[in-house]
Amino acid sequence: MGRGVLSQEVEVCSKTVINSCRDCIRSGAYCTWCKQLNFTKPGEQEAARCDTRAQLEERGCMGKDIVSPLNILTVTKNTALSTNAFVKDEPIQLRPQEVNLKLRPGLPRTFKLDFRRVEGYPVDLYYLMDLSYSMEDDLRSIKTLGNELFKALQGITKQGRIGFGSFVDKTVLPFTNTNPEKLKKPCEEKELFCQPAFGYRHVLSMTENKADFNREVDKQRISGNLDSPEGTLDAIMQAAVCGDRIGWRNSSTRLIVLTTDDGFHMAGDGKLAGILEPNDERCYMDNKLYTKSNDMDYPSVGQVASQLEKNNIQPIFAVTKNMENVYRELSRMIPKSEVGVLSEDSKNVVELIQAAYNRLSSKVTVTHDALPDNVRVTYTPLCPGGGPAGDKGVCDNVKVSFNVTVTADECIDRERSFLIGPLGIKDKLKVSLSTRCECECDDPKEENHKDCDGKGKVKCGMCSCNAGFVGQKCECAIGEKDESSLRAACRKDNGTECEGRGDCVCGICQCYAQQGGSTYYGTHCECENESCEKFQNKLCGGNGKCRCKICECNPEYEGTACQCKKSDEQCRTPSGSVCSGRGTCQCNQCKCIEGYQRPYCLTCPACQTPCITKGKCIECLGFQTGPFSKNCSQTCKSINEFEMVETLPPGKPCDVRDVENCRVKRNMLQPPGRPKNVWLLMSVIIVLECPELPNIYAIIGGSIAGVALIGLLILLIIKAILYMRDVKEFRRFENEQKKGKWSPVSDISIWKQTENHMNMTCTAQ
């Protein structure tokens, strides 16, 4: 019934928060619950009832009191397999046909599935042909191969039928020339028999009549388009989803034989023509034409594969040699499909179909449709060379069996179902699935059970108290308080009840015992005496006692783990002070205040130097100057003693400048034990070293002279540049004058002019 399915797996119960039998059953596949009354010890949590069967039995729980829902398999329909297709009802190829599974989450259940291919099972073959111009010779061949095609089909089954369809591409740019004349005749001018451009056309529904097939195929004419890829996926999709138009039978092997010499357009290519609406995988056929060809994008390969699998259709791609690799890649993405290579004129198409059908029929691939959430199914083929378990089972045989293992990882809210079956075959196994996540404890009928102090009833070994009572045995009357407020009193800082170390009884924590024999204690069971710090693998170093996780050391010891003897020998300075008065002695080592360094807390590298911090006080104390001069005694009271001297004693003096830039030299000392801000000034030099003031007039005069000199220099440079340019221009003029030539003049009339003047007065006389 489900136990021992994973024989090599160790049974482990990984408990989480367990408050009831229901919580226990849901926490792990191997968790069981003991419903035995008084199974838990005083102070022990009810979660102790939850463990593996072996652990509970070891602790004394009787087998009849262990609650462990197991997997249940019920075969609801198990008709025997048919031997051939010539039966009154539909032939049965899969057994069983229906099962009902009730699974414990995490616990797998395996059952056997048998399949036997029926001899003479009906076959529906739909011949889907590319009628673009490059397939002209292939069309001529298929017109002569109708009888051979039917003969080959009769060799496979006596109940065979054939249909016919054709395709080219969408009749929009850039796939097809949209010139009206070209739409009517997309072929070359020399082609006399050419039909108008089209996307997909269903020509002939499934028929057993050879004459009808030959007649309709003979009517077909070649067509054309612009680009190389065709609308192949459009045609396959419509042939798959328009089952009533194609004439697919309910009980038959369904084949689509696709013949083409080119590639295919896929989802997204429609955007080149401004077609943005995605393919919706529905049938759109009117007057045998695909009406949404120019309105809807091409389907994706995934959509085509899904519809072929859903409708139990197995495609055979009969393609030319140059397209073989393309369609083999496509075949890998479409389960239960085959690829064959056509000859140049497609005369081998009949042999190709026979070989592909034999390969398809000899291989059985079992899989499932969409599974409910958190459900896994694996298949183990029971055939030679069947391979390991996986999400699909594959066998090369007519009669095969598979071990089907179903696992529900989590609880399911209601009954769900899914189908299992061979690809390309209508026969399916229906699996109805539900989960067992509740306890069936067969509790006593008494409303006020004696083990619940007469104030509640027993539910799976625990007391379910009446209103107004709480507690493990319903011993606490809550009165005017509600249960939540009582439980809140057992929580420290809104944490876990009694820190997870006790039971909350009437608002008071009853603490548990530890494995070592001691007991947790404290208001919220927060204390215990076994987890203090250890030294040399001894609790509190063996020199103290552990009290509520903190070591209380013996008088002569100290430290967090009582690891040190009390002593200040290593903390005393040569002068006898402990840590120079600037720290404490712990474990015979100085622990200095911030900034000072061990071993004796004498130096403070990080402290600000008094040469800077006390400089203003030196000005006011020694020279009555500076910003503190008006309130020197109060501001500089941290300096206790000082004296004015002409020369400083040996040592490193402070050398700083005051507000008037005068140098002040002094020696300073901080006595041991004094705070960081208290200093003793030893000596200050009497004479200030002030620098001489600069000559203001010399600076101003020099600046003016410098500016004037720079200006004069700039003028001289400009004058020189202008002079050089004039010299250059003059020389160029002289060179041009020397190059000029004068020719002699032979006509004297050019030089001598004769003027005639008429005197009108003389003429008149």
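Placement of Cβ uses the backbone N, Cα and C atoms for every residue, glycine included.
What TrEMBL says about this one:
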- 12-62: domain 'PSI' (DOMAIN)
- 20-439: domain 'Integrin beta subunit VWA' (DOMAIN)
- C21-C31: disulfide bond (DISULFID)
- C34-C50: disulfide bond (DISULFID)
- C187-C194: disulfide bond (DISULFID)
- C383-C395: disulfide bond (DISULFID)
- C465-C474: disulfide bond (DISULFID)
- C506-C540: disulfide bond (DISULFID)
- C527-C532: disulfide bond (DISULFID)
- C546-C551: disulfide bond (DISULFID)
- C548-C579: disulfide bond (DISULFID)
- C553-C562: disulfide bond (DISULFID)
- C592-C601: disulfide bond (DISULFID)
- 611-695: domain 'Integrin beta subunit tail' (DOMAIN)
- C617-C690: disulfide bond (DISULFID)
- 696-722: transmembrane segment (TRANSMEM)
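Helix, strand and coil residue tallies for the domain 'PSI' (12-62), in that order: 17 helix, 5 strand, 29 coil [DSSP]. Among the disulfide-bonded residues C21, C187, C474, C551, the ones whose Cα sits within 10 Å of the Cα of C34 (disulfide bond) are C21, in sequence order. If you compare Cα positions, C527 (disulfide bond) sits closest to C506 out of the disulfide-bonded residues C187, C194, C506. The disulfide-bonded residues recorded for this entry are C506, C532, C617, and the Cα of C617 lies nearest to that of C601 (disulfide bond).
For C579 (disulfide bond), the same-chain residues that are 6 or more apart in sequence and have a Cβ closer than 8 Å to its Cβ are C571, T573, C585, C590, K591, C592, Y600, C601. Compared over the disulfide-bonded residues C50, C194, C617, the count of CB atoms lying within 10 A of a residue's CB peaks at C50.
Its own atom aside, the Cβ of C21 (disulfide bond) has 25 Cβ atoms within 10 angstroms in the protein chains shown.
Of all the disulfide-bonded residues listed here (C194, C506, C540, C551), C194 has the Cα closest to the Cα of C395 (disulfide bond). Taking every protein chain shown into account, C383, C506, C551, C592 are the disulfide-bonded residues, and of these the Cβ with the most other Cβ atoms within 10 Å belongs to C551. Inclusion criterion for the disulfide-bonded residues C21, C187, C506, C540, C546: a C-alpha placed within 10 angstroms of the C-alpha of C532 (disulfide bond); this criterion is met by C540, C546. With a cut-off of 8 Å between CB atoms and residues at least 6 apart in sequence, the same chain places C532, E533, K534, C546, C551, E552, C553, A561, C562 near C540 (disulfide bond), listed in sequence order. Considering only the disulfide-bonded residues C31, C187, C194, C383, C474 (disulfide bond) has C31 as its nearest partner by CA-CA distance. Closest to C506 (disulfide bond) in space, going by CA atoms and restricting to the disulfide-bonded residues C21, C187, C383, C617, is C21. In this structure, the CA atom of C465 (disulfide bond) is 21 Å away from the CA atom of C50 (disulfide bond).
Comparing Cα positions, C194 (disulfide bond) lies closest to C383 out of the disulfide-bonded residues C21, C383, C548, C617.
In sequence order, Y133, C194, I222, S223, G224 constitute the residues six or more apart from C187 (disulfide bond) in its chain with CB-CB distances below 8 Å.
Sequence-distant contacts of C31 (disulfide bond), defined as residues of its own chain at least six apart whose C-beta falls under 8 angstroms from its C-beta, comprise C13, S14, K15, C24, I25, C50, D51, T52. Considering only the disulfide-bonded residues C532, C601, the Cβ with the fewest other Cβ atoms within 10 Å is that of C532.
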